[in-house]
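The block underneath contains the structure these notes are about, expressed in structure tokens.
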Amino acid sequence: MPASQPRSRARDRNNVLNRAEFLSLNQPLKGNQESRSSSRKQSGQAGAAGAQNTSPKERRQSQQLPEEDCMQLNPSFKGIAFNSLLAIDICMSKRLGVCANRASSWGGARSMINLLGITGHGIPWIAGTLICLVKSSTLAGQEVLMNLLLALLLDIMIVAGLQKLAKRKGPYDINPGLLDYLTMDTYAFPAGHASRVAMLSKFFLNHLVLAIPLRILLVLWALCVGFSRVMIGRHHITDVLSGFVFGYLQFRLVELIWMSSNTCQMLISIW
């Protein structure tokens with residue numbers, strides 16, 4: 001032990017860092033540590049006070065903002081494609097709305113376009129079908145008319161349900177007419193007139209014997225009625241195209257549930 005103490009003292013003397021001018025390097029500054037710790041405590045207390053003052057809703061929003069920013073900065077390819085197609089649809093529909101109001105380029109033809117649209121409305125077709133059904137005296141005619149009435153009622157219910165789900169507005173701020181309210185055709189998607197004329201034209205082509213010129217006129221009538229709804233600013237182009245598709249699907253549905261002559265006679269007798 002006595003020999004080891006002189007050796008340790010000699011090492012301490014030989015160690016350069018133990019000199020007086022280097023003692024500050026070995027010892028941390030108390031003032032800096034205290035200032036840093038005090039600033040950390042103050043910032044921590046301020047953060048805790050701010051966190052207590054903020055409501056839970058604001059905290060959730062602050063936590064969600066980075067994710068929302070990332071979603072906006074990195075949109076998906078499907079989102080970009082859908083928004084681009086939607087913008088093109090709205091732009092083209094507004095350009096084709098040449099009869100949307102009296103001040104439009106074809107504003108003078110608005111009444112004629114509205115008259116063309118009435119030929120594809122549900123109320124006149126239901127009323128005409130009921131009148132023909134009352135005056136019909138053949139079993140085959142009554143069978144076709146009863147199934148046509150079923151198709152018209154299904155069209156109104158299906159289109160009204162789809163429009164309530166989609167709730168899409170038209171390209172122009174145009175209020176629906178009285179006949180539109182009666183058939184619950186108050187929204188844009190899908191176009192009720194387009195679905196109805198597509199279903200009717202396909203129904204007549206399948207169940208009526210028509211000459212070729214009449215068949216061509218029937219198809220042209222359906223196309224004109226459908227796109228007249230774009231011209232008056234009531235529907236978008238995609239609304240009309242989807243209406244044509246839904247009209248064809250409704251025709252296929254009526255063909256699947258086609259009522260036989262006996263069933264039609266039973267319903268007519270009850271009525």
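Keep in mind that glycine also has a Cβ here, set from the backbone N, Cα and C atoms.
Automatic prediction, not curation, is the source of TrEMBL annotations.
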Exercise for the section: Identify the transmembrane segment range according to TrEMBL, selecting from 85-111, 112-138. Expected result: 112-138
Problem - Predicted model, mean pLDDT over the domain 'Phosphatidic acid phosphatase type 2/haloperoxidase' (143-255) - result: 91
Exercise for the section: May I ask for the residues of the chain that lie six or more residues beyond the transmembrane segment (112-138) and have a Cβ under 8 Å from a Cβ within it? Expected result: 99, 106, 145-146, 148-149, 152-153, 155-156, 179, 182-183, 185, 192-194, 196-197, 200, 221-222, 224-226, 228-229, 231-232, 234, 268
Completion exercise
Residue counts for the domain 'Phosphatidic acid phosphatase type 2/haloperoxidase' (143-255) under DSSP, helix then strand then coil, are 84 helix, 0 strand, 29 coil
